[in-house]
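Take a look at the structure below.
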Protein chains: 6
Amino acid sequence: MRPSGRAIDALRPVFIQPGFAHHAEGSALIRMGGTEVLCAATIETRVPSFLRGKGQGWVTAEYGMLPRATHNRGQREAAKGKQTGRTQEIQRLIARALRAVVDLKALGEISVTVDCDVLNADGGTRCAAITGAWVALRLALEKLVRNGTLPALPIKGQVAAISCGLTDDGPVLDLDYREDSTASADANFVLTADGGIVEIQGTAEKDPFTEAQFNTLMRLARTGTAELFRIQTAIVEEALKA
Amino acid sequence: MRPSGRAIDALRPVFIQPGFAHHAEGSALIRMGGTEVLCAATIETRVPSFLRGKGQGWVTAEYGMLPRATHNRGQREAAKGKQTGRTQEIQRLIARALRAVVDLKALGEISVTVDCDVLNADGGTRCAAITGAWVALRLALEKLVRNGTLPALPIKGQVAAISCGLTDDGPVLDLDYREDSTASADANFVLTADGGIVEIQGTAEKDPFTEAQFNTLMRLARTGTAELFRIQTAIVEEALKA
Amino acid sequence: MRPSGRAIDALRPVFIQPGFAHHAEGSALIRMGGTEVLCAATIETRVPSFLRGKGQGWVTAEYGMLPRATHNRGQREAAKGKQTGRTQEIQRLIARALRAVVDLKALGEISVTVDCDVLNADGGTRCAAITGAWVALRLALEKLVRNGTLPALPIKGQVAAISCGLTDDGPVLDLDYREDSTASADANFVLTADGGIVEIQGTAEKDPFTEAQFNTLMRLARTGTAELFRIQTAIVEEALKA
Amino acid sequence: MRPSGRAIDALRPVFIQPGFAHHAEGSALIRMGGTEVLCAATIETRVPSFLRGKGQGWVTAEYGMLPRATHNRGQREAAKGKQTGRTQEIQRLIARALRAVVDLKALGEISVTVDCDVLNADGGTRCAAITGAWVALRLALEKLVRNGTLPALPIKGQVAAISCGLTDDGPVLDLDYREDSTASADANFVLTADGGIVEIQGTAEKDPFTEAQFNTLMRLARTGTAELFRIQTAIVEEALKA
Amino acid sequence: MRPSGRAIDALRPVFIQPGFAHHAEGSALIRMGGTEVLCAATIETRVPSFLRGKGQGWVTAEYGMLPRATHNRGQREAAKGKQTGRTQEIQRLIARALRAVVDLKALGEISVTVDCDVLNADGGTRCAAITGAWVALRLALEKLVRNGTLPALPIKGQVAAISCGLTDDGPVLDLDYREDSTASADANFVLTADGGIVEIQGTAEKDPFTEAQFNTLMRLARTGTAELFRIQTAIVEEALKA
Amino acid sequence: MRPSGRAIDALRPVFIQPGFAHHAEGSALIRMGGTEVLCAATIETRVPSFLRGKGQGWVTAEYGMLPRATHNRGQREAAKGKQTGRTQEIQRLIARALRAVVDLKALGEISVTVDCDVLNADGGTRCAAITGAWVALRLALEKLVRNGTLPALPIKGQVAAISCGLTDDGPVLDLDYREDSTASADANFVLTADGGIVEIQGTAEKDPFTEAQFNTLMRLARTGTAELFRIQTAIVEEALKA
């Protein structure tokens, strides 16, 4: 029915490969269909100046897209000399999502930076980034527990994200690029495994939408993230065994 | 009950002064309590390059804050040499909100830029900017009808925005700075007068929130924007009589 | 006779509203005809690095113009990523004018930044900025005396500025935009209430001018600033009573 | 003998995966030991302005390194707002290397941009980039022949690159990071399969070196590139069959 | 009497060497004591976009200072990524001074850029730049007459500049760095050979100054520029003979 | 035979004027034919942060070209807001060349910055810069010995550089701009007086070259630098006598 043949409430095939970035304290390459994001978490024993001496840590994120991750080559942000508004919006979103599930007091004066770089793009890159970033963060923080820096994991919850949208096929889960570019509205949901809402961003791309439509999208998002939480958990368990 | 003594579902005093920017095709200075934003709409008979020759118009927005609009002076973005991620996020939001209620085909190859500059800040600047920008845009487009450039107003709806949040006093409408800086979650709602949703941005500042809480915030937003639509309409009617 | 009907030596209507910027230690919105500048003084208990430990203070200024303060919209400097040469020239001028009447030793290790933002422009913005900035500065420093930080006002004099020019109507006082854009020469005079000269900038826009012409412009400037000093004094007295 | 146990004249394991960047006209992920570079070639039917109307094409390259490709996280160039001198030096080198083996006249008014992004770094990234970029370029140009845009491959030769250096173990081939950071001199050789020299960059990191030492490094480079040419050829043949 | 032993109204030794920049259409290296500025005029047969099709030319200037032209090394503006406010102020001044004596209509759609680069600095660099720039410009325009591009020199006058200031020795002509850094006020005068005033910039560095003092400075400036006009004339005549 | 009439192995006339930059601790204006570079060495008693507390010094270099040093005016890098890749490549090369002959341990926590600014360009500017920079550096370090800051010159060798290339006249020494712009390959050699190689950069501009050709270029470079070492030595001796 959908251009990809997927059911209304079906995710694309999800694959997460931990450890892709050799030097990072934690990393994960996440693939959702044709979208591929490399998430690498860096631990540093210092905090931004506004937090110095406050006995708490910080989690931040940066986002980038390789110039040819897309159908047409985009200009390299480093060459252009600045990050687009879209890039900044996305990296602020990823960082907020991660901070919502980290106990910054328990982290102590440590900062974690998660770099999310899109190697291939086919829609949903910001959601894939959040889902992969949680895995990278989780693995990196585990190291701090294993080497005795922290007594326990400073993680309060498990976070994942998915996009839903109103297309010609009605409300659907996990839009690919083709669907995303023609949807009349789309929404990104950042949810936690215990049912909490971390962030909702719903946008009418063409015409305003109704509250009923919005609620349908939220139902779909619950379905999708439930599956993502299962995959994250399995990958982390496997990686920690290794 | 609330720090300001306002009821849970009460807006701050709203005041809109049309024509503040003498040279602009349409303008409005909007005050919501201690927040004051100057919105100025500029009409230009050209469109961005990606729209050239497509027979449609464009609406965009820019946002800024005077360095001492806030409690502590912020660095001037022009001096720093770049706009913050926050600034870019907000101006993209304002622009999307306005485009959702403009018939770009009917506008023809004309572009409208709405500058929203915060003169005084006390929370809710992005929402005040959207509400004021719609008035500035409406007045500017009216000129195009009056001078015969357009046969009819290319406006499909009326848009306004308001923030709601979860504070120690529970869910409240129209947060001021004091409330905003301590809220556990807040959400901005961009709604249309005929009940449509243009944009929803809900963010957990501390802990994830529940769907029930979110729905309460949306109820409050409906109440608040109903009042804003009445004020916008009155101001526009008055300004057009003058 | 002049396009505005004003006499050769007449200022435009001047209006100064203190306290416009709610959070600033001192502020003034100054209007000279169609020109409107918001001046906001910020006190900070630190000095630039080149003055650290020297037991003296500093006064600086920044200048900006809202994109649609002018007939045609100008590009936003923050978006462009840099301040124009004109902007930098003007803010350096404002700062020198203020420093000439402040006793920096008596100020101690405190810095004052005066932001001058043009909301509406109709010629003479840099002069209006200086005249308004002195009021904002005066009110801000008064606070330091009232709260006991300083034993006495560290102000040595009163400064105001006005432009004069050679137009088709001969030498005139306080040029508006229409006059300014066609004048063959113009000069900005920054003077003190006790007759001193702080800064003179005379520029031939078309043909060189004579010393006699220049002296006539200086006479006009004396007339104009005398009136400005009276207005500044009245406003400050009134504001301090409140 | 060497820290890695490799022989003096042994390359690290080399692996090239074509097609990694789904959207690119040609791409190759190249691994040389712990170094991993994604090379993606983009074809565009336009040329830089200095070549317009001259009936010839152009080949250029861009280089980047993910922030956590290295032992310690480096600042993201896009966030910093500029590319380092090192980055610019490398991308200019890659571009020259490719242009030396492309017949720009035969290419016609087409430009090829090869993006080389380092996903993991363990020394020798610029050489790996050149070797991988040739494969990406070769595959992209093949498409132009297959779809009839070009009558024949506009390629004059096959290019690969390798670093050699003077270490405590004497002159060695293909330095990894550990060797590179302590070598007293190193040299990068860009050679062609028919024995030509495209570029030589030899640098004394500590003390000047002798001509005899330099000649030994060139011998090693011949050995190493011979192996790289075999691998490139095998990969291209395989990819074209698929 | 003065630190340099010069009389109150004595210039430093002035030396102008035409043709220093081999490739420029006109150039002059000017030395005034320890200050040395290389002025190079470039002719281009195009005008800025705001003048296109208006049948007139343009004259502009750029100013720079080598990092070690000064007592202490200054940061290179190209490395810093922007020109200081001082640099921009000076290059705008030089350009206005030159335009005041060029007949832009007679120049036709030609632009002249005069680069003024300070090789050694000992005070008065902007005035030396103007004086030298006129020579470079004059020689460059002569070429356009000699090669038949223009029927006659599009020059309306001769311009030179000098600084004067109030020092411990009273009002003096042509301040060197030692005097400039301790003067209580200084003024730059840009004058024409036929007695006109092109630009006056008088600034109180410490205390406001009087009109009488200002008039004395203007007298000194007349003396100084009279000598500069003689030197410019002699150099130009000599250079044109060669 | 060559366009300039020079023999295959003849340098252009070389002239070095020490002390051109009055304020610099050491300086040299070097001319090689029509190429003229001002080299100024600055001594500062601090080191970059990555070396602090390590008891060693640092030598760095910056390179620039006046806008009209060339046939056609180039855009001023300070105005453009960034240094080109070419500029950065060259200044990194100069710095490496100097560091190769300085004993950084013996220098102590002192840094030397050598500014190399091209006043006139006719090919070979980077090589002239290195040769002149060594003289400026040598003279500056001598001062540290003479004033007792250092017990002995922290210089391990003498360095100079020259370009060679393959032209229509075969392999030639010291290319001027005309030769350089049409050469099929060129190489820059940075050599020491005792026969060591500091840096080799050989580049095929058109077609790959052979090892035999490369060896011929190195022979020519030896001839050229032998002459440069004699000139450097003579100039330094003479300057130190003065």
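Glycine is treated like the rest: Cβ placed from N, Cα and C.
Going by TrEMBL, these are the annotated features:
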DOMAIN    F:11-140  domain 'Exoribonuclease phosphorolytic'
BINDING   F:ARG86, F:GLY124, F:THR125, F:ARG126  phosphate binding site
DOMAIN    F:158-223  domain 'Exoribonuclease phosphorolytic'
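In the three-state DSSP scheme, F:GLY124 (phosphate binding site) is classed as coil.
Residues of the domain 'Exoribonuclease phosphorolytic' (F:11-140) grouped by DSSP class, helix first, strand second and coil last, total 45 helix, 41 strand, 44 coil. The DSSP breakdown of the domain 'Exoribonuclease phosphorolytic' (F:158-223) into helical (H, G, I), extended (E, B) and coil residues amounts to 17 helix, 30 strand, 19 coil. It is F:ARG126 that, of the binding-site residues F:ARG86, F:ARG126, has its Cβ surrounded by the most other Cβ atoms within 10 Å. Of F:ARG86, F:GLY124, F:ARG126, listed as binding-site residues, none is near chain A by the criterion of a Cβ under 8 Å from one of its Cβ atoms. The residues near the phosphate site, meaning same-chain residues not in F:ARG86, F:GLY124, F:THR125, F:ARG126 whose C-beta sits within 8 angstroms of the mean position of the site's C-beta atoms, are F:TYR63, F:ILE90, F:VAL118, F:ALA121, F:GLY123, F:CYS127, F:ALA128, F:ALA129, in sequence order. Between the two most distant C-alpha atoms of the annotated phosphate binders (F:ARG86, F:GLY124, F:THR125, F:ARG126) there are 13 Å. Sequence-distant contacts (6 or more apart, same chain, Cβ under 8 Å) of F:THR125 (phosphate binding site) comprise F:THR35, F:VAL37, F:MET65, F:ILE90, F:VAL118.
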